[in-house]
Amino acid sequence: MFRAAAPGQLRRAASSLRFQSTLVIAEHANDSLAPITLNTITAATRLGGEVSCLVAGTKCDKVAQDLCKVAGIAKVLVAQHDAYRGLLAEDLTPLILATQKQFNYTHICAGASAFGKNLLPRVAAKLEVAPISDIIAIKSPDTFVRTIYAGNALCTVKCDEKVKVFSVRGTSFEAAATSGGTASSEKASSTSPVEISEWLDQKLTKSDRPELTGAKVVVSGGRGLKSGENFKLLYDLADQLHAAVGASRAAVDAGFVPNDMQVGQTGKIVAPELYIAVGISGAIQHLAGMKDSKTIVAINKDPEAPIFQVADYGIVADLFKVVPEMTEILKKK
């Protein structure tokens, strides 16, 4: 039986949609936009209403110009000051609060990266609202879906806060198109630096391999590699596949590789076209960070390893024999 909505209900729904507005906090490196910001913009457009982006930094004109071309954005707000050089949460929060107050945004969001996870809880606390972390779907402007229990269950969260503050899992939303947009650009509200923290320096490891969360192919190693030196087997294979290299928490805790390579619930969430798990047993925390990969290949000598339960292809064999053989075959192609 079909029941027509009352005119008053339709007017309220239309009014609610009309007054929805979302502020996306852009993550960037001054000259380039972090890919997860494009995924976050897609999530923001699902809410309905106007989407704006806030770009804070130093000499970030190029990023602002690039964002103006992104589909789905109505306005780009730019704030440039030496205080924003390191994108510290202590300095960005007053800027975000002032911007929200000026435009009365109903939603504030950022990618669920280290940047977003550090910034948004502080913003939410200052607004006296509860943040929603790592959402994977949007059901309505006040209803979101996130994973719990290491990805084994879905939790639907209805948020009644005056301002909804949430972080977005990048792998759950397509990247917004980087062309076709015609957003306007203007200066954001100026705020005085709080000077609680001081940005000194940042030293990043240089690599010819793609960044882990944005790579189309990822090769990850676990405790089965037995040492950090043996990760060279994975580096050689990754070079042939133009892949990024990751690791399980067990490998990181054992000191084989640095923690910025960790894939899993407490590490990085990846969803590449191809994920090759080498010597990884498949703890639930690791699976939570890679199970959305399009194709999963597992190499482990233990046929009962949990990783085989999520793998599309499994190789039960000694990794120290199989991986070099794979590398040699690829070299000949």
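The backbone N, Cα and C atoms fix where each Cβ goes, glycine too.
Quick look at what Swiss-Prot annotates:
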| type | residues | note |
| --- | --- | --- |
| BINDING | Arg223, Ser248, 263-266, 281-286, Asn300, 318-319 | FAD binding site |
| MOD_RES | Lys59 | N6-succinyllysine |
| MOD_RES | Lys59 | N6-acetyllysine |
| MOD_RES | Lys62 | N6-acetyllysine |
| MOD_RES | Lys75 | N6-acetyllysine |
| MOD_RES | Thr93 | phosphothreonine |
| MOD_RES | Ser140 | phosphoserine |
| MOD_RES | Lys158 | N6-succinyllysine |
| MOD_RES | Lys158 | N6-acetyllysine |
| MOD_RES | Lys203 | N6-succinyllysine |
| MOD_RES | Lys203 | N6-acetyllysine |
| MOD_RES | Lys232 | N6-succinyllysine |
| MOD_RES | Lys232 | N6-acetyllysine |
| REGION | 20-204 | region 'Domain I' |
| REGION | 205-333 | region 'Domain II' |
| TRANSIT | 1-19 | transit peptide |
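All features noted in Swiss-Prot, drawn onto the structure.
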residue : record            : Cβ within 10 Å
Lys59   : N6-succinyllysine : 10
Lys62   : N6-acetyllysine   : 14
Lys75   : N6-acetyllysine   : 18
Ser140  : phosphoserine     : 11
Lys203  : N6-succinyllysine : 5
Arg223  : FAD binding site  : 18
Lys232  : N6-succinyllysine : 11
Ser281  : FAD binding site  : 19
Ala283  : FAD binding site  : 18
Leu319  : FAD binding site  : 23
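Here Lys232 (N6-succinyllysine) is positioned 13 angstrom away from Leu319 (FAD binding site), judged by their C-alpha atoms. Within 10 Å of the residue listed as 'phosphoserine', counting CA to CA, the recorded positions Lys75, Lys158, Lys203, Lys232, Gln265 contribute Lys158. If you average pLDDT over the region 'Domain II' (205-333) in this model, you get 95. Secondary structure of the region 'Domain II' (205-333) per DSSP, as helix, strand and coil residue counts: 48 helix, 25 strand, 56 coil. Summary for the recorded positions Thr93, Gln265, Gln285, Asn300: the Cβ-based neighbour count within 10 Å is maximal at Asn300.
When secondary structure is read from DSSP and collapsed to three states, Lys59 (N6-succinyllysine) falls in the coil class. Most Cβ neighbours within 10 Å among the recorded positions Lys158, Val263: this distinction goes to Val263. In this structure the alpha carbons, written CA, of Gln265 (FAD binding site) and Lys158 (N6-succinyllysine) are 23 Å apart.
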